[in-house]
Amino acid sequence: MQAPILQMTGITKRFPGVKALSNVDFRLFPGEVHALMGENGAGKSTLIKVLTGVYSIDEGTVTIENQAVSIGGPLEAQKAGISTVYQEVNLCPNLTVAENIYIGREPRKFGRILWNKMNKEAARLLKERLNLSIDVTLPLHAYSVAVQQLIAIARALSISAKVLILDEPTSSLDQNEVHQLFSIMRKLKNDGLAILFVTHFLDQVYEMSDRITVLRNGELEGEYLAAGLPRIELVLKMIGKDLKLLEELPKLSEEAGAAAGSIMITASELGRKGAINPFDLEIRKGEVVGLAGLLGSGRTEMARLLFGVDRPDQGKLLAGESGSPVKSPRSAIELGIAYCSENRKTEGIIDDLTVRENIILALQAARGWLRPISRKKQDEIADQYIKMLNINPPNPEHLIKNLSGGNQQKALLARWLLTEPELLILDEPTRGIDIGAKAEIQKLVLSLAKQGMSVLFISSELEEVIRVSDRVAVLRDRSKVKELGGGELNQQQIMQAMAGG
Amino acid sequence: MLNRKYVPILVTFGLLAVMFAAGSFRYTGFFSAQVLYNLLIDNSFLIITAVGMTFVIISGGIDLSVGSVIALTTMICATLVERHGWSPVVVIPMVLIFGALFGTLLGAIIHYFKIQPFIVTLAGMFLARGICYIISIDTITVTNGFFTKAAQTKVPLPGGNISINVIIALVIVLAAIYLAHYTRFGRNVYAIGGSEQSALLMGLPVARTKILVYTFSGFCSALAGVVFTFYMLSGYGLHAMGLELDTIAAVVIGGTLLTGGVGYVAGTLIGVLIQGVIQTIISFEGTLSSWWTKIVIGLLLFVFILFQRLLSDRRVTLKT
């Protein structure tokens, strides 16, 4: 076996209050595609940023071709032979293709840029290394994102890269473009390049990579040969569970709930290119439907389509008994749909308003600003919901930013409950809140369902999804792959579906 | 396809040709080389200023201080030469360096403190205009031999003659075209205007380039100030009032996108000439007030920014 071209040993990176990476080893061999896997917060992006010099290293060493290097910034990383192509193409759309490849290193004579030479070299580079014959004198924006990505790779290659980092390169490409990219990755791999491949798509990991490194909670879980690691094992390692320990959980939801009433919302062949593949979904009155899937599998994208935030480019979405189409968040709210987004901080609470004001917000918006809710009524409502949801401290005049995450979440819930929705979409309602508050929110969801409200419950925590849901829809690689209900509803089944293959 | 990026500039050029032709048909004596030369003579300071502004706008910024820097330059030239008896050979290089340094200062504030160019150069505009009045609140007439000679020298050309100012302006235009298209500095300016974030990640010297852009604009304004002194033979704090807006208008009419990244120095030259033609037509008309120039330029600007919006929208749809 040849020596690794890149060796990272004992990498530790601390941020104020958190250890983002602790004692992580990572190695990369020439001529291999190596996938870096991990759930959100596992330390993947920190590791890449350390490697590309965006962050400095607190402890540990990096060697390239057995020589210790210290990487002080993106430029130094490039000089050391490490190039990165990000999901968002970091090139200049207004410059020509050739310039984007060579800018900063243009061939010159007495300070004058030799355009002809540059164009010829660019065309040759694209042809020889990437099998791409395009007009290099056109501006970059004339080409699709997929081609732009290849041009970014060409730029990396022209800087004589030994290590190529591809960070989520496929997430904005369609199927054909992905294949094109993959064939080029194979070619580069055969040329002896070491490729670090980061993606959320399990299928792509198994299609492309020779070796997989799994990170969990900032620590190295292990390095495996892709061929020797079954999918389900990989998922378990990412989530940090042992298959044997997945016992049956006490289920809170009652089986009887399934006898639920009329259809609340129907999605048929609903899809949006680059976000989620077409899916069917039906939610009945008083039913709790869970959404499970790894990070990036399309959970939030699905929720956003259902609430009308993003426009679908195919399929139909009908709500209520009348079957009215959902066109925008506004029409969704009118049809009785409420959406608690996963970004509590940026899309939910308004920091500098009080708890009362935050609770009142959606109801006031629904009434229109010309018909203000009287202060007395506001106080009544706030008190009622603070009691009902057990918001602590029970003072409606507290600024919401001073509350704990769980209590902020409850106030957000109160905001939407106040509009008396018939379907409540909860995206990661329990993220970052303590166990006690979690249990309260789960109980609340169940009691709401009992009163006839439909709930779409999205969470990364499988136990939680199983505990509250009547049915669980499983997503993988941006497709709805399975729907589980009744007796099938257990962690093992869901894991299998999440891992696929 | 290749020609598409030249569409705005071709439209601008076509417009100039149409306007000149219309003027020639309507007014006797309009169609002559000297009318064309006069366009250049009367607008040479505007051409020079607009060249500097083109770089600033392509980089994604704006420079509102140009008019005031011109006024301040005329003031410094006039006072040093006339009241203190300095030699123009010393004074002119000095004001050029001063203008460049003033630009550097604005550029450094914009870059290192991450403040919008609009507000920084607005402050620079008030500052430079204010300093004029410290020097003098009156007009200082320039009678120095060097200046009067520069003002009165005529360079004969077929069908008429041009002034030294025109030659300076055209040299600056040619130099700027070379700078924009054949040097790393020029390409970096385009890159930053296209995407500053990307330029940074591609390892381009963003800080240096951004500051140099304002240095260049400051230099151009100071040079325009010297040319303006040749033209007016006086220094005055009210010189070139509102010229920054004329300059921006000329650059935009010349096809440069205010969002940065796209534009041509040659287009700017045409933009200035279009403004000049409008002025000439109105003066030939005789009965119209000179404010009609503003009205026509206002309308033209509307048309142009809408045209640019349509072009860039089409680009977006092409992308998706």
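Positions of Cβ are set from backbone N, Cα and C atoms, glycine also.
For B:6-23 (among others), the entry in TrEMBL reads transmembrane segment.
Cβ atoms under 8 Å from those of the transmembrane segment (B:35-58) belong to residues 20, 29, 66-67, 70, 117, 157, 159-163, 165-166, 168-170, 172-173, 176, 179-180, 189-190, 193, 213-214, 216-221, 223-225, 227-228, 231, 240, 243, 246-248, 250-252, 254, 256-258, 260-265, 267-269, 271-273, 275-277, 279-280 of the same chain, restricted to positions at least 6 beyond its ends. Residues or ranges marked as transmembrane segment by TrEMBL: B:35-58 (among others).
Here the transmembrane segment (B:64-81) has Cβ contacts under 8 Å with residues 45, 49, 52-53, 87-88, 91-92, 94-95, 98-99, 102, 106, 118, 121-122, 124-129, 131-132, 135-136, 140-142, 144, 147, 217-218, 220-222, 224-226, 228-229, 232, 234-244, 247 of the same chain, all six or more residues outside its ends. TrEMBL lists B:64-81 (among others) with the feature transmembrane segment.
Annotation comment: TrEMBL describes B:88-113 (among others) as transmembrane segment.
The list of residues near the transmembrane segment (B:119-141) in space but at least 6 beyond its ends in sequence, with Cβ under 8 angstroms from a Cβ of it, reads 62-65, 67-69, 71-72, 75-76, 78-79, 82-83, 102, 105-106, 109-110, 214, 233-237, 244. What TrEMBL lists as transmembrane segment is B:119-141 (among others).
Under the heading transmembrane segment, TrEMBL lists B:162-180 (among others). For the transmembrane segment (B:162-180), same-chain residues at least 6 beyond its ends with a Cβ under 8 Å from one of its own Cβ atoms are 37, 40-41, 44-45, 47-48, 51, 54-55, 58, 150-151, 153-155, 186, 189-190, 220, 223, 227, 230-231, 264-266, 269.
The feature transmembrane segment is assigned by TrEMBL to B:211-233 (among others).
The transmembrane segment annotation in TrEMBL covers B:245-278 (among others). With a threshold of 8 Å between CB atoms, the same-chain residues lying at least 6 positions outside the transmembrane segment (B:245-278) that come near it are 5, 8-9, 11-13, 15-16, 19-20, 23, 39-40, 42-43, 46-47, 49-51, 53-54, 57-62, 66-67, 173, 176-177, 180, 190, 192-195, 293, 296-297, 300-301, 304-305, 308, 312.
Long-range neighbours of the transmembrane segment (B:290-311) within the same chain, counting only residues 6 or more positions beyond its ends whose Cβ lies under 8 Å from a Cβ of the stretch, are 7-8, 11, 246, 249, 252-253, 257-258, 274-275, 278-279, 282-283. According to TrEMBL, the feature transmembrane segment maps to B:290-311 (among others).
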